[in-house]
């Protein structure tokens, strides 16, 4: 009986291990919906909006003896194709451009982190939101429709593959 239980436990653990490493617990790099925040210092209202960003698992390796060999570049989930969209911030004073542009992921891939165009930092536990304002007019800002401003750009990577606030001055 113990042999049968041991065999059953071994089968469950081996199948479970394969499922966990390739299944839904670690989704591969792909576009996902994310909520971002846009604000300008001169405009009184911060807007949150939903766009698609690149996120997910990219296979990687860490050397067992890192001092003996050079570091291996770790792939990150980043844009393969993207387009840009814009939103209008309400309440901006005259002379301040109320438009804010942001990337929309069309497709993603695992590739090297390009520090010039991508936030290569750590994953954020909490979604970013608008900074607290002293004025009560900034509470519960209205959601703004998205407007496309350009065509898809193959191979371009302009912004972070992690949710970031879009803040311009």
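Here, residue 1 is simply the first one shown, and the rest follow in order.
Note that Cβ sites are derived from N, Cα and C of the backbone, with glycine treated the same way.
According to Swiss-Prot, the compositional bias 'Low complexity' annotation covers 145-158.
In sequence order, 54, 55, 56, 57, 58, 77, 108, 109, 110 are the residues near residue 29 (disulfide bond), counting only same-chain partners six or more apart with C-beta under 8 A. Annotation source Swiss-Prot lists disulfide bond at 29-77 (among others).
The disulfide bond annotation in Swiss-Prot covers 43-92 (among others), and the record cites similarity to another entry as its basis. For residue 92 (disulfide bond), the number of other Cβ atoms no farther than 10 Å from its own Cβ, over all displayed protein chains, is 16.
When secondary structure is read from DSSP and collapsed to three states, residue 46 (disulfide bond) falls in the coil class. Positions annotated as disulfide bond by Swiss-Prot: 46-130 (among others).
The DSSP secondary structure for residue 108 (disulfide bond) is strand. Under the heading disulfide bond, Swiss-Prot lists 54-108 (among others).
If you look up Swiss-Prot, you'll see 58-110 (among others) marked as disulfide bond, on the strength of similarity to another entry. Counting every protein chain shown, the Cβ of residue 110 (disulfide bond) has 18 other Cβ atoms within 10 Å.
A simple way to gauge crowding: the CB of residue 120 (disulfide bond) has 15 other CB atoms within 10 angstroms, across all the protein chains here. The feature disulfide bond is assigned by Swiss-Prot to 113-120 (among others), with similarity to another entry given as support.
According to Swiss-Prot, the O-linked glycosylation site annotation covers 138 (among others).
The O-linked glycosylation site annotation in Swiss-Prot covers 143 (among others).
The O-linked glycosylation site annotation in Swiss-Prot covers 147 (among others).
The O-linked glycosylation site annotation in Swiss-Prot covers 148 (among others).
Among the features that Swiss-Prot reports, O-linked glycosylation site is placed at 149 (among others), with the record citing experimental evidence.
The annotation O-linked glycosylation site is assigned in Swiss-Prot to 150 (among others).
Residues annotated as O-linked glycosylation site in Swiss-Prot: 151 (among others).
Annotated O-linked glycosylation site per Swiss-Prot: 153 (among others), in sequence order.
Among the features that Swiss-Prot reports, O-linked glycosylation site is placed at 157 (among others), with the record citing experimental evidence.
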Round to a whole number and give the Cα-to-Cα distance in Å for the pair residue 92 (disulfide bond) and residue 113 (disulfide bond). 35
Distant-in-sequence Cβ neighbours of residue 43 (disulfide bond), under 8 Å, six or more positions away: 89, 90, 91, 92, 93, 96, 98
Among 46, 54, 77, 113, 130, the disulfide-bonded residues in question, whose Cβ has the most other Cβ atoms within 10 Å in this structure? 54
Once DSSP output is merged into helix, strand and coil, residue 77 (disulfide bond) belongs to strand
Per DSSP (helix/strand/coil reduction), residue 54 (disulfide bond) sits in strand
